[in-house]
C-alpha cells in the first residue's frame with residue numbers, strides 16, 4: 001500500500017505491501033543501541049550512545065509494535081544493541097505476548113549475545129518466546145575476548161544452556177571473519193549441530209564507522225561454502241523465510257546451515273521485513289540510508305490513525321534492493337549508521 005489512505009480508519013488494519021509487491025509481515029525492533037560487548041566488526045571501542053532521553057519508552061515501543069501487528073506483522077523480533085540490557089525490557093516482552101495469546105502474532109523472538117540469558121531464559125519462555133538467535137563467532141575464549149574486546153565466553157555458554165533447559169530452540173549466528181575464525185567454522189558447526197542448534201554464517205556488513213578496515217575482516221561465504229563442501233555433504237534446501245538466509249542440510253551432522261551473503265548475493269527479491277530503531281525511526285532496508293520518523297506521529301495523538309498513515313507512507317518508500325558494497329578505495333562504510341542502532 002503506497003501513499004496516504006483515502007480512508008484513515010481503514011489504514012489502521014490494512015496490510016502493508018511495498019511498491020514491488022512484497023508483503024511486510026516481519027518487524028525487527030531495536031529496543032536499545034547499548035550493548036555490554038564491543039564486537040569490533042559492529043562497534044567502535046569508544047562508542048557514543050544515544051541519549052536516553054531520545055529513546056522511546058517501553059510503552060511507546062509496545063504501541064508502535066501493536067500498530068504494525070494490526071497491519072499484518074506476524075513475526076516480531078526484539079534486537080539491539082543487546083536487547084536484554086534495556087532496563088525493564090521483560091515488561092515489554094510480557095506485554096507483547098498478549099498478541100501471541102490472541103493469535104494476531106505468530107512468533108515473538110529476539111536476537112541476543114547471550115550474556116544475560118542465564119537470568120532471563122525462563123521468563124522469556126514463560127512469555128511465549130519459543131526460539132532465539134544467539135550471536136557467537138567463536139568457541140575459543142581468547143578469540144572471543146579479541147572479537148568482543150572484553151567478553152567472557154563462559155557467560156554466553158551458560159546462557160545458551162539455560163535457554164535450552166528452558167525449552168527454547170537456539171540458533172547460532174556467526175560472522176565469518178578473515179584470518180580470525182575462518183579455520184574454526186567447521187568445528188563451530190559440529191558443536192552447534194551436536195546440541196541440535198542451527199548455525200547461520202553471516203558476511204561482514206559495511207555499516208557504521210568502526211575504526212578498522214572491513215576489507216581486512218571480509219570473508220566471502222562463497223569461499224567458506226566451497227571449503228565446507230570439501231569436508232561435508234551439503235544439500236540445498238528449498239525452504240524460504242522471506243529473509244536473507246539460504247539453507248543447506250549437512251548429511252554428516254544432521255543439522256542445518258544457513259548463509260547470509262549481502263556482499264556476494266543480493267537477497268532482496270523476497271524481503272518481507274522492516275526495522276524500527278529505539279528512537280522510533282523506521283528503516284525499510286538494512287542496507288539503505290532511508291529513514292522515516294514514526295516518533296512524531298506516535299506522540300502527536302493517542303489515536304493511531306496518524307501513525308498508521310505514516311507507516312503506509314514509509315512502506316511506499318521501501319527500495320528494491322540494498323546498497324551494500326565495501327569501499328576499498330576510501331575504506332568507508334556503505335551505510336553510516338551502526339548495526340547496533342539499526343538492530344540487524
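Using N, Cα and C of the backbone, Cβ positions are placed for all residues, glycine too.
Residue 171 (GTP binding site) falls within a strand segment according to DSSP. Listed in sequence order, 131, 132, 133, 134, 197, 198, 199, 200 are the same-chain residues six or more apart from residue 171 (GTP binding site) with CB atoms under 8 A from its CB. Summarising the annotation, Swiss-Prot assigns GTP binding site to 28, 77, 111, 171, 273, 274, 275 and lists sequence analysis as the type of evidence.
For 35, 39, 42, the entry in Swiss-Prot reads [4Fe-4S] cluster 1 binding site, with the evidence type sequence analysis. A coil conformation is recorded for residue 35 ([4Fe-4S] cluster 1 binding site) in the three-state DSSP classification, outside any helix or strand. Within 10 Å of the C-beta of residue 35 ([4Fe-4S] cluster 1 binding site) there are 20 other C-beta atoms, taking all protein chains into account.
Among the features that Swiss-Prot reports, S-adenosyl-L-methionine binding site is placed at 41, 81, 135, 205, with the record citing sequence analysis. Residue 135 (S-adenosyl-L-methionine binding site) is surrounded by 20 other CB atoms, counting those within 10 A of its CB over all protein chains shown.
Taken from Swiss-Prot, the feature [4Fe-4S] cluster 2 binding site covers 268, 271, 285, and the record attributes it to sequence analysis. Note on residue 285 ([4Fe-4S] cluster 2 binding site): other Cβ atoms within 10 Å of its Cβ, all shown chains, come to 23.
Taken from Swiss-Prot, the feature domain 'Radical SAM core' covers 19-244.
Considering only the binding-site residues 28, 35, 268, 271, 275, the residue whose Cα is spatially closest to the Cα of residue 135 (S-adenosyl-L-methionine binding site) is 35. If you compare every pair of Cα atoms in 28, 77, 111, 171, 273, 274, 275, the residues listed for GTP, the longest distance is 21 angstrom. Measuring Cα to Cα from residue 285 ([4Fe-4S] cluster 2 binding site), the binding-site residues that fall within 10 Å are 273, 274, out of 28, 35, 41, 77, 273, 274. In the predicted structure, the domain 'Radical SAM core' (19-244) carries a mean pLDDT of 94.
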